[in-house]
């Protein structure tokens, strides 16, 4: 019998190829972690996209603490958020975390890092990343690197990188073109920009991309200062957005086409665009031009309705507009805007400080505002210091200037060109040329402005040798252009160095820029200020294109030389030529009338200023009218005129009246004028000296002693009178009783001989003009020690008899010297031309062009 038995159950061996129906606990944990990572990553991306970087970074750290590695997408999103919010510190931290992670950065991440460092201005790190990419570079990488160089002031590097990109085989897109064109928006690189412009036209981006169009507008506006071509690009753009309109408005405003900027703004609004804070800033800057303040005020109302009045950018433009456009130079409206701003940055502080400085009357207020500024969290920048140092130069307080200089040094801004240039000007103004030269020499990159300021400083401090010695250095270190020549001509004019001026004129002809308008204007000024008014008129006559400066310069020249009728005649010709006179033109015309006593004509021109040409009178014009009345002896009328003025007059007007009281010996009015001056400027040495001289002329020596004691206690120093003369291609300077000149013995021997000769033909020394209580014999000796007589004696022994003797003096020429020179012109048979602080005197054959009316 056969027995069947069943086998015992076998062990179930799982099939390795089959997945279990229920996951193990380990796999479950893995899936959960992956899910958590995705949730956290989503949260990180959401926070980064809305700018919540702090929360996004916290999420990134949480991912790392979970033992997970954030992916490249997370880093890319975070880096882009850092760039967008300009949170560069966090961006650098992310870069460090990425370097520490096992991730290999891809092209997208590396491009973001280049952009991050480019925005920071750290082109070195950006370049290292770019160079390390090798084959990973794409079009975005090249564009980012070109843009980086362009924004870091390395325009040539940007251009070379663009050409390398093309050679590498990448075809540029609109972003590449925009970046490289922006790099060419400098005068010296403009020609490269034009070549790239041709490339743009071939690609079709010119009329299809807004970014490229904007870059081209900047190329023509900034690179060539050609608004016509910039506007043509703008007009040909088929699509324009608010940025495009704003850019064109801003460039028109910046390049002096204020009315065109306003017209374009109105056109933009009519097209349906709503201006933003940048648009308002651009058009408000245009309203700073004269005659446009009314529209500026209307815009201010629009700004308030648009709820942009608290915006710092708009606020700065409003401060600047009110400061520049107010006819009476009042800073009230500008200050109101500034004080109403809830938030101040360095731009707003600088705008209000600059406004006070440029107004011409509030330099101390500018300095006080700076003190308030540094008490707060905002630090000044180089523009702040540049304006502030001008204020220090205007108040003639070297101690304040030195303190500001020290602040600039501490902040590392003293060697920035605009700050250093202001420092040079500050020290030069106070005659401290050694300090000015030190600042100049410490400048790492000297520009043309630096040279012009130091040359001008030496010239005004009568050190023409140093001024013209620098000319060869300018030639070798920077490109000499029309402005350089104009500056050197101004230097020659300051010291009356007509010989040097003629040499520069020859260089101008050699350089082929004799038709340049600014150079011609400088030549007119140089020749007229050096005493050769006919040469100045020849330059003027030869000009093809004259502007208001050209006309004003020649009118001023004839006025200063006492040829009032020719000055007035030229003014009529100017009006006939359709050239609108400005404030300075009217100062010249009124001065011309004052120098020869044309009182009725002076009133006629004064009345026509605002009525016929919209020129609002300034303090200088009021001073001219007081001078006109005062010289003619109408002192009471001058006082009535001052009292009738719509605003409180400054020390300049009262000083003019005091000078007239000194000439006419009116002690009572002189005391009143001096009191008004000292009320405004208690430490004005000129007022003390003029009043002292007035008392001395009346023999009131006790009062003279009181004033001199007061000056000594206040440490007020009278400006030393000096005269200078050009001979043997150099300028020779003399003070009262000067014996330091190498030819002093010959000079005084000549003076003694001349004194005897002129006494024989009728000269009598006017000892009443010696304002010291000494014997008459001593007074006569004092008279012959005056600086202008010493300079004249030197001229007699050192210059050709065929040429006029040209003497220059920093103060008003002495009455006795003026009289003596008329006799000397006869005795020596020489023409004498003397320029004092007021005017020229052409003395020949015993007569003076001033007709003794000065």
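Note: Cβ is positioned from N, Cα and C throughout, glycine not excepted.
Taken from TrEMBL, the feature compositional bias 'Polar residues' covers 19-30.
With helix defined as DSSP H, G or I and strand as E or B, the domain 'DYW' (762-854) counts 36 helix, 16 strand, 41 coil. Under the heading domain 'DYW', TrEMBL lists 762-854.
Residues or ranges marked as region 'Disordered' in TrEMBL: 1-30.
The repeat 'PPR' annotation in TrEMBL covers 106-136 (among others). With a threshold of 8 Å between CB atoms, the same-chain residues lying at least 6 positions outside the repeat 'PPR' (106-136) that come near it are 72, 75-76, 79-80, 82-83, 86, 88, 91-92, 95, 98, 144-145, 147-149, 151-152, 154, 157.
TrEMBL lists 138-172 (among others) with the feature repeat 'PPR'. Confidence for the repeat 'PPR' (138-172), expressed as mean pLDDT, is 88.
Sequence-distant contacts of the repeat 'PPR' (241-275), counting only residues of its own chain at least 6 positions beyond either end whose CB sits under 8 Å from a CB of the stretch, comprise 210, 213-214, 217-218, 221-222, 225, 227, 230-231, 234, 281-283, 285-289, 292, 295, 302, 306. According to TrEMBL, the repeat 'PPR' annotation covers 241-275 (among others).
What TrEMBL records for 345-380 (among others) is repeat 'PPR'.
According to DSSP, the repeat 'PPR' (416-450) comprises 26 helix, 0 strand, 9 coil. Per TrEMBL, repeat 'PPR' is recorded for 416-450 (among others).
For 516-546 (among others), the entry in TrEMBL reads repeat 'PPR'.
Taken from TrEMBL, the feature repeat 'PPR' covers 547-581 (among others).
The repeat 'PPR' annotation in TrEMBL covers 582-617 (among others). Mapped onto DSSP helix, strand and coil, the repeat 'PPR' (582-617) counts 29 helix, 0 strand, 7 coil.
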